[in-house]
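One structure is given below, encoded as structure tokens.
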Amino acid sequence: DIVMTQAVFSNPVTLGTSASISCRSSKSLLHSNGITYLYWYLQKPGQSPQLLLYQMSNLASGVPDRFSSSGSGTDFTLRISRVEAEDVGVYYCAHNLELPYTFGGGTKLEIKR
């Protein structure tokens, strides 16, 4: 199985500044077709996870372009520019390169008070 690894907490960020969340996979998620099968989800408090980005860098419908993702085959970064209070929650990376699809343990976005 492919193991997705994330830090439990982000570095605390101030509202209005940028945040970065990292994810590492134990196997390259770059397919021979050129697609990287890496996904990012956000689970806000009391809600189900929502898809943010698919195939590494494509924004899901309705997701603001403050969110972006980049990376290599195994190391990925989710970037949030101009962090807002509504961005608080747990961010998960996941893959669907091959079965079983697996998720990282999640990274909680910490806001400086």
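Just so it is clear, glycine is given a Cβ too, placed from its N, Cα and C backbone atoms.
Residues 29, 38, 40, 71, 75-85, 87, 91-95, 97-98, 100, 102-112 of the same chain sit 6 or more residues outside the region 'Framework-1' (1-23) yet have a Cβ under 8 Å from a Cβ within it. Feature annotation from Swiss-Prot assigns region 'Framework-1' to 1-23.
Annotation source Swiss-Prot lists disulfide bond at CYS23-CYS93. Of all Cβ atoms in the protein chains displayed, 27 besides its own lie within 10 Å of the Cβ of CYS23 (disulfide bond).
Confidence over the region 'Complementarity-determining-1' (24-39), given as mean pLDDT on the 0 to 100 scale, stands at 98. Under the heading region 'Complementarity-determining-1', Swiss-Prot lists 24-39.
Taken through DSSP, the region 'Framework-2' (40-54) splits into 0 helix, 9 strand, 6 coil. Marked as region 'Framework-2' by Swiss-Prot: 40-54.
Sequence annotations record features per position, and here Swiss-Prot assigns region 'Complementarity-determining-2' to 55-61. Helix, strand and coil counts under DSSP for the region 'Complementarity-determining-2' (55-61) come to 0 helix, 2 strand, 5 coil.
For the region 'Framework-3' (62-93), same-chain residues at least 6 beyond its ends with a Cβ under 8 Å from one of its own Cβ atoms are 4, 6, 10, 13-30, 36, 38-45, 47, 49, 51-53, 56, 103-109, 111. Here Swiss-Prot flags 62-93 as region 'Framework-3'.
According to Swiss-Prot, the region 'Complementarity-determining-3' annotation covers 94-102. The DSSP breakdown of the region 'Complementarity-determining-3' (94-102) into helical (H, G, I), extended (E, B) and coil residues amounts to 0 helix, 2 strand, 7 coil.
Sequence-distant contacts of the region 'Framework-4' (103-112), counting only residues of its own chain at least 6 positions beyond either end whose CB sits under 8 Å from a CB of the stretch, comprise 4-15, 19, 21-23, 41, 43, 80, 83, 85, 87-94. The region 'Framework-4' feature in Swiss-Prot is assigned to 103-112.
Panel annotation: around the region 'Complementarity-determining-1' (24-39), residues 2-6, 51, 53-57, 69, 71-76, 93-97 of the same chain, lying at least six beyond its termini, place a Cβ under 8 Å from a Cβ of the stretch.
For CYS93 (disulfide bond), the number of other Cβ atoms no farther than 10 Å from its own Cβ, over all displayed protein chains, is 30. Secondary structure at CYS23 (disulfide bond), as computed by DSSP, is strand.
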